[in-house]
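Lifted from Swiss-Prot, the feature list:
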COMPBIAS  188-206  compositional bias 'Basic residues'
DISULFID  75-133  disulfide bond
DISULFID  89-147  disulfide bond
DISULFID  100-163  disulfide bond
DISULFID  104-165  disulfide bond
DOMAIN    75-170  domain 'CTCK'
CARBOHYD  47  N-linked glycosylation site
CARBOHYD  173  N-linked glycosylation site
REGION    176-206  region 'Disordered'
SIGNAL    1-23  signal peptide
């Protein structure tokens, strides 16, 4: 048996030895993991990969296509300033109104239509439906005409205040065109039938 004094001196020595052993194990563990863990190679990540990870891949591109399909169409409004005349009477002040004879184009194309070719290429890919600019809103306006003899006249006229785009199908246009082209021929045929009927009645009477 060792005396108590020796135990008192051996206890700190044992603690020092245990700390050195733990430090040796920690150093070995750190060196071991430094060999196992490999540095991640710096690969340049493309924008398409990031978009697929964050936005669901192809779903993002489909939403872009859906936005392009919902194209709002606008009408180019032409403003007109003119005088109204009736014989020797002319309006005192000029009349300003809208003329709905412009072109119907997508709203995103309208600002860049003059001098830009994007609108022409885009609108050439339209479907079998055509858009026309027609009158949307009108109002009645009174105007005064000044005559050469000093008298004045008051007229009521209809003024266009807004235009809109109306969709027509090509089949509708072709059918109306065929109807208009065939309509003048009908009275001629009817006129010939009348001549033949009159001739036959004359022969029967003779």
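Residue 1 is the first one shown; counting continues down the chain.
Even glycines carry a Cβ here, placed using N, Cα and C.
For residue 165 (disulfide bond), the same-chain residues lying six or more positions away in sequence with a CB closer than 8 A to its CB are 73, 74, 75, 104, 131, 132, 133, 134. Note: the CA-CA distance between residue 147 (disulfide bond) and residue 163 (disulfide bond) rounds to 33 Å.
In sequence order, 145, 146, 147, 148, 151, 153 make up the list of same-chain residues 6 or more apart from residue 89 (disulfide bond) whose Cβ falls under 8 Å from its Cβ. Taken residue by residue with DSSP, residue 163 (disulfide bond) is part of a strand. Cβ contacts within 10 Å of residue 133 (disulfide bond), excluding its own Cβ and spanning all protein chains shown: 23.
By a simple count of nearby Cβ atoms, those within 10 Å, the most crowded of the disulfide-bonded residues 100, 147 is 100. A coil conformation is recorded for residue 100 (disulfide bond) in the three-state DSSP classification, outside any helix or strand. Mapped onto three states, the DSSP output places residue 147 (disulfide bond) in strand.
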